[in-house]
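Inspection log for the structure reproduced underneath, given as structure tokens.
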């Protein structure tokens, strides 16, 4: 199976190993580390942190009641305890929950004869605010990540090479399934190909830029309907000497990166895909998908990936210029 650097769904097949002491950098940015975790680990940490914090604070209230002797005098009406109606650990836990969640049933309350309880109450309020801000903020950021928005951005299954405006052109198609727009959408292409330098250095994943209209502004997309992205193969292109025959022996990967701002949330979204040499169709063109109806334009996504053959010279641009 052909090893890809980027899968069709945009996932990068890169694993970082032998980090050594550099793993401590993940703890220095703990918030981002938690956001990057999978949902099951996020939920586990969320539940575990709250459970440990609740049990710890409830234990502190129970310890104060135990050290003051309130547990033994719980039913003595002439005695003023630190927290009224706290008899054991479950009642101390209920008092903590009522205080932390501001439920306030009124049955359990702090008295003014307990300065250590007042100090613990202040500590509980500060600790609860920190835990809530950290964990709830982490969950909110994770839920609002624009990764799911990228799933409604489509790329054609294949790329095609054919003549357009008298020039040999590499083409692929992008589309937006939602009615909401991608603001400031921009597309970039990278060619990943191994090569050897004149000095003998081997570069297994050398990255070259494919011009998809950077000089003309064509890389800035108004992505309302499906668009065909074009890379003109000329003397400056890495595919200058690529022909239909040589493509059968070449090994390369074209990584496509589409970035934009989600109109509804204002967050930056990125969608990725890639095309290997066997997914580039020589002498093909994409079917049109837009038709004019009564008062609107209709997009037929059933033809989004479809191509058809067109007459195309099998020679590279370099060979055509020499001929």
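The backbone N, Cα and C atoms fix where each Cβ goes, and this holds for glycine too.
What you are looking at is a predicted structure, and each value in this text was computed from that prediction instead of being measured.
Record features, source TrEMBL:
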- 6-146: domain 'Potassium channel inwardly rectifying transmembrane' (DOMAIN)
- 153-322: domain 'Inward rectifier potassium channel C-terminal' (DOMAIN)
- 43-67: transmembrane segment (TRANSMEM)
- 79-97: transmembrane segment (TRANSMEM)
- 117-141: transmembrane segment (TRANSMEM)
Residue numbers, six or more beyond the limits of the transmembrane segment (79-97), whose CB comes under 8 Å of its CB atoms: 54-55, 57-59, 61-62, 64-65, 68, 70-71, 73, 103, 107-111, 113-114, 116-117, 124
Structural state census, the domain 'Potassium channel inwardly rectifying transmembrane' (6-146) (DSSP three-state): 87 helix, 4 strand, 50 coil
